[in-house]
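Heads up: the structure comes next, in structure tokens.
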Amino acid sequence: MRFSANIAIIVNIIFLFIVVEFVLPTFIRSGDVRFRRYYRNNGRVSRAATAKKERIWPEGIIPFVIASNFSGEHQHLFLRAMRHWENFTCVSFVPRQPHHKHYITFTVDKCGCCSYVGRRGEGPQAISIGKNCDKFGIVVHELGHVVGFWHEHTRPDRDMYVDIFYKSIQTGQDYNFEKSKPEEVDSLGEPYDFSSIMHYARDTFSRGAFYDTILPKPNSGFRLEIGQRVQLSEGDIRQTKKLYKCAECGGTLMQESGNLAIQHAGVCTWHIISPQGHTIFLNITGSTLSPPSSLCGKEEDNVITVRDGVSISSPVLDRICGGDSLFRTIASSGNRMLIQVRSSTPAASLPFATYYAICGGPIYANEGVIHSPKYPESYPPNSDCQWTIHVDENSQVAIEFVYFHLEQHKECIYDRLILTEGISKNSKKDGKEMSETFCGLIEKKTIVSKTNQISLRFFSDNSVQKTGFELRFTKELNECATDKNICHHYCVNTVGGFKCACRVGYSLSSNGFSCDSTCGGYLKASNGSISSPNFPEMYPNSKTCIWEIEAPDGYHIFLNFTKFNVEGMKTECAYDYVKIGDSEKLCGEYHEALLFTTPRNRVRIEFSSDSSVERDGFFANFIADFDECQNDNAGCEHTCQNRLGSYVCTCNPGYILAEDKHNCKEGSCFFEVNAPAGDINSPNYPNDYPKGQNCSWHFVTTPGHRLMLTFSSFQVEEHAQCKYDAVSVYDGGDGSAQLAGVFCGLAPPPLLLSSSNELYLTFSSDASVSRRGFQAHYTSLCGGRLTAESTPGHIYSHATFSDSKYGKNQDCSWIVRAKSPGRGVRIQFSTFNIESEEGCQYDYIEIYDGPEATLERLVGRFCGDTSPEVITSTGPELLLIMHTDNAEEEKGFVAEYREAPRSSSTKRTFVSKTRHSPLEEPIHDRNE
């Protein structure tokens, strides 16, 4: 079904800074639970009005800048949204150049999702894409404000089409539903558009879940969901074309190739857009113009004008008058071409030109951007593109990977990008050019060439295609080799500048170039100790200490941290940290000793503190120890492990150490597995497993979580009933639990998921044939069905609780059922720390009085650091749901549950940073 449309638009043109508030409903399935997820942002800046015509962007050209704090994923998203507008209308989004005085800047402002309406006309203007705004449809919506559109429901005649429910609107947000004055907006003769991407959703600014703030009138005939954030509606497209007076003949062309045909007399305009780093070739193939006109030279009649860019002020590549020889090929210098045809007489609708975009070629510039074919969409199969970048002499080429996603392979044999350096006396290696190959997903990377020239070649095969890449290149100078280098110790060249560094035992002073004697140092000794500055007192802020410890050749260094308390969450060391060699950063507080053995006779230890919180710090002893394992494995049959002052032999899984403490023999094969995730394998894997073997693994993860087992390799002697060798998996803590399956042969078992926090696996082999065995990965998943008994059980928000914060984009559900008939479930929280937000729209806990997530069963939604009150179900079951978004994380929660007498009623509350009174019944329930 197709709907007519309209958007409230600037007339006389209105200037407004507008904040978009909406709810984007998405159904999420978690186990057997079905519920809605909401995204909201709060606040709106008061709007200002003007009657100046300058608020329309001249020629529909909108220059843009993207703030550097956005990731490559964000920049790819913004470009997709801009291309969406360009594809269906005649507006153009172009990277800002120095001559552009007025332009938009993608940024993050306190308003969340917000933008000015139309062109502000005072230099740069912000389009804020804040938290939870980074969705394709939301960015398209925000760009609608930039183009010149108000929210659809603010048009003066909206009361004929929608009802506003003010009692459901959040306090202080009523003004978001105010009607515009008739002199402020113009519908351009178009009817109301429920399908517009500029329309509010039914529960935008609602004061609670399932509250409606705006709905189509019952007699409107519209039954679909309003507030879509998927794509421009047909009404959006029509109104944009009216607002910017788009030519009826022509259009925007983004395909790799196509035809141009004059459909009628008058003006036809085509914008051809290709990815950056591509060249557009236009072939004029036929004559469709009338005889020469005296007005042709003025581009007023019977003329084809081809311009090298997007604007009528762009350089003219060619101008062809009627009667001229039309057959010719015209090439652009960039990735855009504008073709305009003016004719005085009707012409047959036949193609008069073809075009195609070619990737690659030489680039002589000191800065620029290169895109993969069809970017920001997926690149085509069988691509082969080569670019050669030349910058000024005596310079280097710096290439930044803004966005990069090609088909993954460990050797990049499918799709790949190859960077090859120009040969110079410094870049030769065995007489060959220096090259490097890339594929897969690369989040951030910068490469600097040795010379002023570098070649890039992109290949794709005929199978899997990804979204490609955006690369930015700039001319780079080695400032460390110039008189700009004022560093006291070391100068480290960076793209666009340099930074200073200090020798071991010194730290960089606040001026950024001098070095002060401080903590750290070079220690060549067999034993000693190191500690954080001021230990055992608090270490200072903004301090960096580096120690380099060296022992004699053939020795290892043992480190024993007897005290360790450094700001951080252990696995998330974003603030202060200790880094040992190339290992991960250490932080947090440890009450037990931390022991480390270095793989070589040298180790580098770095301590760094930020500008805020201090802790006690650390104290560590070190001692050099001779590595007996380096000589003939110290006589160990399987594995030799060096120990302080000695060594110890260990055996592979399924074997035990013999009496001589060096050789290995088959023995007990039972394993207790308590880590939340890891890998297991059959005895002697990847070699054949021994005959007559019986092994078992008992997996136990964090309470309130389940275990998922995935086999990555599987070769067990085959038999129809698995009578010889077999892997058996039980859904519980031992072999008496429910059997999940018995497996053998070459086909890996399916993904196995436990119903509780325990799983039991056995492996047995007979006395005959043996195979390679198996390798499996296990991980912990939140949620599941739990049984409440008289003794308490526990639910943890995440499997690594206390070691790290909960994860992003989590949707977990727990159904707790009382074991005894006639009993209910009582739940209380001993720890509660969920991202705080007034409406609990980002991260939250929901509790339902029953097994289903329905409005009438909702007890409340909770967030912040205030624990909910004790909750007891009125029936045998209770449902707990946890949702997290893609931004901030906190410590999480620990909930205790047990069976209890059923409650006669359950108070419905809504908790965020502070506790609110019980919710009123909704004015309009949702129809699910």
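Glycine is no exception: its Cβ is also placed from the backbone N, Cα and C atoms.
Keep in mind that this is a model prediction, so the values were computed, not measured.
Taken from Swiss-Prot, the feature compositional bias 'Polar residues' applies to 902-912.
According to Swiss-Prot, the compositional bias 'Basic and acidic residues' annotation covers 917-928.
The disulfide bond annotation in Swiss-Prot covers Cys111-Cys133 (among others). In this view, Cys111 (disulfide bond) is surrounded by 19 other Cβ atoms within 10 Å of its Cβ, with every protein chain counted.
Secondary structure from DSSP puts Cys114 (disulfide bond) in a beta strand. Here Swiss-Prot flags Cys113-Cys114 (among others) as disulfide bond, drawing on sequence analysis.
Spatially close to Cys268 (disulfide bond) yet at least six residues away along the chain are Ala247, Cys249, Gly250, Ile262, Gln340, Val341, judged by Cβ distances under 8 angstroms. The feature disulfide bond is assigned by Swiss-Prot to Cys249-Cys268 (among others).
Sequence-distant neighbours of Cys359 (disulfide bond) (same chain, 6+ residues apart, CB-CB distance under 8 A): Pro275, Gly277, His278, Ser372, Pro373, Ser383, Cys385, Trp387, Phe458. The disulfide bond annotation in Swiss-Prot covers Cys359-Cys385 (among others) and is backed by sequence analysis.
Annotated disulfide bond per Swiss-Prot: Cys480-Cys491 (among others), in sequence order, evidence recorded as sequence analysis. Using a 10 Å radius centred on the Cβ of Cys491 (disulfide bond) and all shown protein chains, the other Cβ atoms total 20.
Summarising the annotation, Swiss-Prot assigns disulfide bond to Cys487-Cys500 (among others). Long-range neighbours of Cys487 (disulfide bond) (same chain, six or more residues apart, CB within less than 8 Å of its CB): Cys480, Phe498, Cys500, Ala501, Phe513.
Cys573 (disulfide bond): 19 other CB atoms within 10 A of its CB, across all protein chains. In the three-state DSSP scheme, Cys573 (disulfide bond) is classed as coil. Taken from Swiss-Prot, the feature disulfide bond covers Cys573-Cys587 (among others), and the record attributes it to sequence analysis.
Taken from Swiss-Prot, the feature disulfide bond covers Cys636-Cys649 (among others). The number of other Cβ atoms within 10 Å of the Cβ belonging to Cys649 (disulfide bond), over all protein chains shown, comes to 21.
The number of other Cβ atoms within 10 Å of the Cβ belonging to Cys669 (disulfide bond), over all protein chains shown, comes to 20. Annotation source Swiss-Prot lists disulfide bond at Cys669-Cys695 (among others).
Residue environment of Cys744 (disulfide bond) contains 22 other Cβ atoms, counted within 10 Å of its Cβ in all protein chains. According to Swiss-Prot, the feature disulfide bond maps to Cys722-Cys744 (among others), an assignment based on sequence analysis.
Cys812 (disulfide bond) falls within a strand segment according to DSSP. Look at Swiss-Prot and you will find Cys782-Cys812 (among others) tagged as disulfide bond.
The disulfide bond annotation in Swiss-Prot covers Cys840-Cys863 (among others). According to DSSP, Cys840 (disulfide bond) sits in a coil region rather than a helix or strand. Summarising the environment of Cys840 (disulfide bond), the number of other Cβ atoms within 10 Å of its Cβ, over all protein chains shown, is 25.
Residues or ranges marked as domain 'Peptidase M12A' by Swiss-Prot: 48-247.
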Cβ atoms near Cys695 (disulfide bond) (within 10 Å, other residues, all chains): 21
Distance, Cys722 (disulfide bond) to Cys114 (disulfide bond) (CA atoms, angstrom): 63
Using Cα positions only, nearest of the disulfide-bonded residues to Cys636 (disulfide bond) (Cys111, Cys695, Cys722, Cys840, Cys863): Cys695
Cα separation, Cys649 (disulfide bond) to Cys669 (disulfide bond) (Å, whole number): 18
Per-region confidence, the domain 'Peptidase M12A' (48-247) (mean pLDDT, whole number): 88
Pairwise Cα distance for Cys133 (disulfide bond)/Cys840 (disulfide bond) [Å, integer]: 16
Fewest other C-beta atoms within 10 angstroms, as judged across Cys113, Cys249, which are the disulfide-bonded residues: Cys249
For Cys500 (disulfide bond), the number of other Cβ atoms found within 10 Å of its own Cβ: 20
Residue, out of the disulfide-bonded residues Cys133, Cys782, Cys863, whose Cβ gathers the largest set of other Cβ atoms within 10 Å: Cys863
